[in-house]
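Some features that TrEMBL has for this protein:
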TRANSMEM  112-129  transmembrane segment
TRANSMEM  136-154  transmembrane segment
TRANSMEM  166-186  transmembrane segment
TRANSMEM  198-217  transmembrane segment
TRANSMEM  229-248  transmembrane segment
TRANSMEM  297-320  transmembrane segment
TRANSMEM  332-352  transmembrane segment
TRANSMEM  359-379  transmembrane segment
TRANSMEM  391-411  transmembrane segment
TRANSMEM  423-443  transmembrane segment
TRANSMEM  455-477  transmembrane segment
């Protein structure tokens, strides 16, 4: 973008764009319902449509992504309740004085989930674009439930490695699917809050899941260990969610809970954003454009650097808190403030983004600062018995959800064309996986007495990278909008191009949000 951005205009006779417009199969499915020209909509109907979509779609997405977080995070709780012994996840070297503990097996068990997700992201993303979304989601989630429940039958760390890889593979369908759903049902201004609602489940489920884990920790009888009951519960809940997924509509045009009038309004109101709704044809031109678009790499850097912290917290959070002098059960309960702060921060900043234009990148940068402060507090404070200062620092880390959520919103709101949107969703969660793979590897049990310096220094560097990448993205998008504002505008052409499945770089009427 900026000086390097190529803005196409249909009037200029660009071959790729002209081909897309002339090829009926390449057009957005919305065209068949609303046509090429803009229609006046009843504000009452539009308000009713938004309310219906919110109530029918968002709660299920919150629950679903909460399960994605829960079955990752319970690994951190399970290691406190017998899994490390049962599966030989820790290796104790008694030849040293004092004995040292090698946690690398746990680190790899955490990271392998994200290697599986990396393997599944692109095939799952294209399957969602090409086929009926409800059927694909439902079938994969049912399969996910089975893999989750089978964790209780694992008897070695090698078996856990296999389980974690395939769990990540099937779960890769959820985040990319949810991002594409939001971008297909909501306007650019509405997307941040809705993306935030489902992603905030990582915070709310850290509280809900922590409560469940605390309860299961009280189970002392029976033929199973506490950690096995936790995984069985997660699997049952996931199965129920899978049944709900079969009812997921692929677009507003196929939303079974809307009347015909409401479907028309739900589709037409998206015309102004120039993002399109749904096109099942995969276009290589979009793939090529994605590869040369600076946004691809800046969004990737922002997501990977901001989410590295999660890889450490989800697998080692309770274990790290335990080193502050707290018991196993207290370590679970002390995840609550982390989740509460994260939830409030995510929803508040998302609401502000919907109310005030072009403040997303600024807020993403600002909320990197308390995360850096929290890491510094943990690293440099005294870790005496039941120390309060490192717990305060640990709780502040919940603010990391803000730059992550806003990065998701910035990525999905600033691309158009269905293939390119699908690729951006995959790009964001490839970065998510990279961050989560790197995070656990920064935890070195040998440096516990020094407060894990490699972990905190590495994470601080990551957040500096996030700040620099965010500032660069701001300049790139601002420059692109300034360049586009200087172009002549043809209202009839603008209406006609909205549902031609053009990318943001092909469509001169697309505007970027900051």
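Cβ coordinates are placed from backbone N, Cα and C, and glycine is handled just like the others.
Same-chain neighbours of the transmembrane segment (423-443): 103, 106-108, 110-111, 113-115, 117-118, 121-122, 125, 168, 172, 175-176, 179-180, 286-287, 290, 295-296, 299-316, 320, 407-408, 411-412, 415, 452, 454-455, 458-459, 462, counting only residues six or more beyond its ends whose CB sits under 8 Å from a CB of the stretch. The recorded stretches the transmembrane segment (112-129) and the transmembrane segment (229-248) do not share 3+ CB pairs below 8 A when only pairs 6 or more apart in sequence are counted, and are therefore not in contact. Sequence-distant contacts of the transmembrane segment (332-352) (same chain, six or more residues past either end, CB-CB distance under 8 Å): 77, 80, 192-193, 195-197, 199-200, 202-207, 210, 213-214, 217, 313, 317-318, 321, 326, 359, 363, 367, 391, 394-402, 405-406, 409. Counting same-chain residues at least six beyond the ends of the transmembrane segment (455-477), those with a Cβ under 8 angstroms from any Cβ of the stretch are 1-2, 294-295, 298-299, 301-302, 304-306, 308-309, 312, 361-362, 364-365, 368, 371-372, 375-376, 378-379, 403, 410, 414, 435, 438-439, 442-444, 512-514. The list of residues near the transmembrane segment (198-217) in space but at least 6 beyond its ends in sequence, with Cβ under 8 angstroms from a Cβ of it, reads 58, 61-70, 73-74, 77, 80-81, 178, 182, 226, 229-230, 233, 310, 328-329, 332-333, 335-336, 338-343, 346-347, 398, 401, 404-405, 408. Below 8 A, the CB atoms of the transmembrane segment (136-154) and the transmembrane segment (391-411) form no more than two pairs separated by six or more positions in the chain, fewer than 3 in all. Long-range contacts of the transmembrane segment (391-411) within its own chain (CB-CB distance under 8 A, at least 6 residues past either end) are made by residues 179, 191-192, 195-196, 199-200, 202-203, 295, 299, 302-303, 306-307, 309-310, 313, 317, 320-321, 324, 326, 334, 337-343, 345-346, 349-350, 353, 360-361, 363-365, 367-368, 370-371, 373-378, 381, 424-425, 427-428, 466, 470, 473, 513.
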